[in-house]
């Protein structure tokens, strides 16, 4: 979004509106954006030139980030506002949210065990009372500071209109009360209500997640009719199935899938997701091929028509809401630019407020240092660095292929260590010379450099540790040598970090005409990875002794013991496996047998939420991006696509549908500002 020009459309500062009449010709779909200044609203009450300049800078920053300008604009408030939206505070707030969400892995029942299989799992480490509670209260205090600061900056009038902040207060208050109850019970509280509240902190701090939630809320009434059709379709075929496969006529089909109403309903619901196809029809199909018509009609109409109709509706509503959201973002951006212009024009002059840039490069007197600075600040240095990283990964891959059949004791890590030392020295030299070229602040102002520098530092520390433990590399270096870690484990960790460092090339991959095929890779990879996973699963089961008294295809026979709700980490993996849909009926059947039939409601609700709603929203976003790129590649030449490759933003996707706000709308919004009084 930041790449879109701030001033687009027909903009004319300080000119008469009549001069722009010719711009309206030939543009019936867009409204004119004319930034003229009238004398009656050219003054801002109070303040001086410095204050006006600060206000203009903040308004421009608001426009860049698509933020609302309805906040306090006095000197102290502007200083607090800029600190609140500084990178330090926002990163700190994000880290706090991550910490409070990660507490679920540590709290009882702890996820700190090397396996989730209850047959082999040792007793997990349990934190002492007060450890996680102490971390949590610090996070809650930070949330309270965040809430107080944000509420003060927008003022009471705006606070009353913001439902998110009101719920924020309730969430923090309820968490503090529940935290107090936990300590009063000496951490022996079985139900922690605040665990259910924690995801709200992430939701409240993410504008994208808020928009997605509003999109879902807006979409639900539209898909209610399709959900009703699905329910009627399911119930109708359930009754027909119970009539077709009655007891005594087809015992195999009746006993396994149509014994009673809940079993019949579950069987066809799973068939709707294709997870038990063709197992569900095999008993009846073995007796008479005509029974396949029942199952084909059910899945054909339900899976291929109603489910895809549901996807189409979600996509259509998502696109419509995204367009509305983009329209609102454009209004906030235009309003921020106009507000900056208004406060600067109050002194009878226009100050140009430049956008934020990287810190200036250091100045050197030495000709050698100047040449090094010129060379290592050039774009081609990054290309060379990517090529070196690729060569490093290829070397690691070659050695892994050559040693794939060798055991750890048979490996000789001498050559791999020599190669790693060479590349790590290069990475260290590259980092040092970039710091020389850009300076510390300039180096850290690029995210890629932070990523590279952190991994290079970790690689250097690991390599020094290897030398301190096992001396310098020499031929016949025994990788099974033991220290704090074995040599093989440490070398393997170094190689993993090198491979992760190779991800630096991802931001440098530019949009090309063939990118429309790249967006299809995730979809096709599902069909490639899933058969490979099945083959691997079958081959890994060969060496396991199977108890043939277990029912074939059951939770016990398939060895699904690690998939459970015993701790938070295991629960996440289990829910992910259900979201993938394959064999999700096995989990549902097991928990139904050991708990109650009502547990099916939980699993079906999760399937509807994750596989139907969230996945379809994700598909809608991919389709929107794909269609936009396809249209551009068809209507534009290759040179045009290359030239505008870096301007591919959400706003550009809807440029033809977006209506620019009129001058009257902007002026009205500015006069309604609760803290900026135009006179």
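Cβ coordinates come from backbone N, Cα and C, glycine included.
The feature transmembrane segment, as given by TrEMBL for the ranges 247-269, 270-292, 293-315, sits at 293-315. Of the candidate ranges 414-433, 514-533, 534-553, 554-573, TrEMBL annotates residues 514-533 with the feature transmembrane segment. Range with TrEMBL annotation transmembrane segment, chosen from 348-370, 578-600, 601-623, is 601-623. Among the ranges 328-345, 472-489, 490-507, the one that TrEMBL lists as transmembrane segment is 490-507. Contact between the transmembrane segment (293-315) and the transmembrane segment (490-507) is not supported: fewer than 3 Cβ pairs lie under 8 Å, counting only residues 6 or more apart in sequence. Packing against the transmembrane segment (88-106) from elsewhere in the chain are residues 112, 127, 131-132, 135-136, 139-140, 142-143, 146, 195, 198-199, 201-202, 205, 567-569: each is 6 or more residues past its ends and has a CB under 8 Å from a CB in it.
When pLDDT is averaged over the domain 'Ion transport' (95-318), the result is 86.
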